[in-house]
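K.L.:
The following block contains the structure, expressed as structure tokens.
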Amino acid sequence: MTRQYRITLLPGDGIGPEILTVTVDILKLIGTQLDIDFQFQEALIGGSAIDETGEPLPDQTLKMCRNSDAVLLAAIGGYKWDNLPREKRPETGLLAIRAGLNLFANLRPATILPQLIDASSLKPDIVRGVDIMVVRELTGGIYFGEPKGIFETETGEKRGVNTMAYTESEIDRIAKVAFETAQKRTGKLCSVDKANVLDVSQLWRDRVTLMAEQYPDVELSHLYVDNAAMQLVREPLQFDTIVTGNLFGDILSDAAAMLTGSIGMLPSASLGLEKPGLFEPVHGSAPDIAGQDKANPLAQVLSAAMMLRYGLNEAKAATKLEKAVLEALAQGYRTGDIMSQGMKSVGCKAMGEVLLRILES
Ligand code: IPM
Ligand code: MG
């Protein structure tokens, strides 16, 4: 029987529209092959939304997202909007959609593909076999804690304030996602905090430790965030699943991403308790190469695979898509960011065509 899904597409800014176009063509093909009827609807977010409506996340966009089975986002931001006040910046749109859809769990896999091992800035012996899943809390912590703002003190001096805060329930729900994720992987979970200094981290550690009793099959460890950053580049193979708060997760997921050599390869999933989840590449909008057909669409394609797997429960389609990406790499096709000697250099569109050909064969 045909399965029907309504997908909201958010192309955003920079290379966003290019990589999303390639991905949608691929999804359409997979849909016909596996009897899935995708109904796509497009909405505005980020800089392009600011230009058209004055808001980085128009109400209409949030409504359309809520009314869909999954949201596929490309990328937001660009030089043009960098100097606007914070509430009018593209990034604010991203934070607002995370909060608006209650997407508290952000899954960021960092997997070394054998085909791309030379792309890493670390020695092949250190990164071979790296397969890490960062589970980042996404709607709490210092990104959203109150009070926040720039205030004037009694002496007339300005004081900038943000607050890192987590409630027990916020910690518990992300910890649950992390334990379940670890269970499906190798059963190793490392919780990262700064409990030697921060009270909020002490509570984090206490709650995660308490929850471990319910998951006797998961081996839990704890690291302070500074040590975790060091260990990630020293001996990344020690990690399987990492769970951490919003800010630490922001930083560590970039570091983990770079182990793989190109951030242009990495997808992510942001999930709440209910549909829709939001799926987006970890990389940004790359305004320097926008519109030149140079972008690597693979992180977007792999984000669509995560959408199929985690958002729509279409594991078969997800696997098919992931295999096609590996096959394109095995056949030697590379965009500029992952190009190496002897490989076949292609642009964004051509990479898409390679994938379509592989899927059809
Ligand atoms: C990310 C980005 C965002 C974040 C920015 C663009 C708001 O760095 O998704 O990691 O800090 O969460
Ligand atoms: Mg980030």
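Using N, Cα and C of the backbone, Cβ positions are placed for all residues, glycine too.
Automated prediction, rather than curation, is the source of TrEMBL annotations.
Copied straight from TrEMBL:
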- 6-355: domain 'Isopropylmalate dehydrogenase-like' (DOMAIN)
- 78-91, 284-296: NAD(+) binding site (BINDING)
- ARG98, ARG108, ARG136, ASP226: substrate binding site (BINDING)
- TYR143: site 'Important for catalysis' (SITE)
- LYS194: site 'Important for catalysis' (SITE)
- ASP226, ASP250, ASP254: Mg(2+) binding site (BINDING)
K.L.:
If I take the Cα of TYR143 (site 'Important for catalysis') as reference, which of the binding-site residues ARG108, ASP226, ASP250 has the closest Cα?
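P.N.:
Closest candidate to TYR143 (site 'Important for catalysis'), judged by Cα separation, is ASP250.
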K.L.:
If the criterion is a C-beta within less than 6 angstroms of any ligand 1 atom, which of the recorded positions PRO90, LYS194, ASP250, ASP254 pass it? List them in sequence order.
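P.N.:
Near ligand 1, sequence order: ASP250.
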K.L.:
Round to a whole number and give the Cα-to-Cα distance in Å for the pair PRO90 (NAD(+) binding site) and ARG98 (substrate binding site).
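P.N.:
Just about 13 Å between their Cα atoms.
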K.L.:
What three-state class does DSSP give ALA286 (NAD(+) binding site)?
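P.N.:
SS state of ALA286 (NAD(+) binding site) = coil.
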K.L.:
Report, as a single number, how many Cβ atoms besides its own are within 10 Å of the Cβ of ASP82 (NAD(+) binding site).
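P.N.:
Total other Cβ atoms inside 10 Å, all chains included: 12.
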K.L.:
Report the residues of the chain - excluding ASP226, ASP250, ASP254 - with C-beta within 8 Å of the mean position of the site's C-beta atoms, for the recorded Mg(2+) site, in sequence order.
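P.N.:
Neighbours within 8 Å of the Cβ centroid, excluding ASP226, ASP250, ASP254: VAL225, ALA229, LEU247, PHE248, GLY249, ILE251, LEU252, SER253, ALA255.
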K.L.:
Sorry to bug you, but what's the C-alpha spacing from ARG98 (substrate binding site) to ASP82 (NAD(+) binding site), rounded to the closest Å?
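P.N.:
About 20 Å separate the Cα atoms of these two residues.
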K.L.:
Would you kindly give the Cα-Cα distance separating ARG136 (substrate binding site) and LYS294 (NAD(+) binding site), rounded to the nearest Å?
P.N.:
30
K.L.:
Just the number: how many Å between the Cα atoms of ASP254 (Mg(2+) binding site) and ARG98 (substrate binding site)?
P.N.:
18
K.L.:
Provide the number of Cβ atoms within 10 Å of the Cβ of ALA286 (NAD(+) binding site), excluding the reference atom itself.
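P.N.:
A 10 Å sphere around the Cβ of ALA286 (NAD(+) binding site) contains 23 other Cβ atoms.
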K.L.:
How many whole Å apart are the CA atoms of ASP226 (substrate binding site) and ALA286 (NAD(+) binding site)?
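P.N.:
It is 28 Å, counting Cα to Cα.
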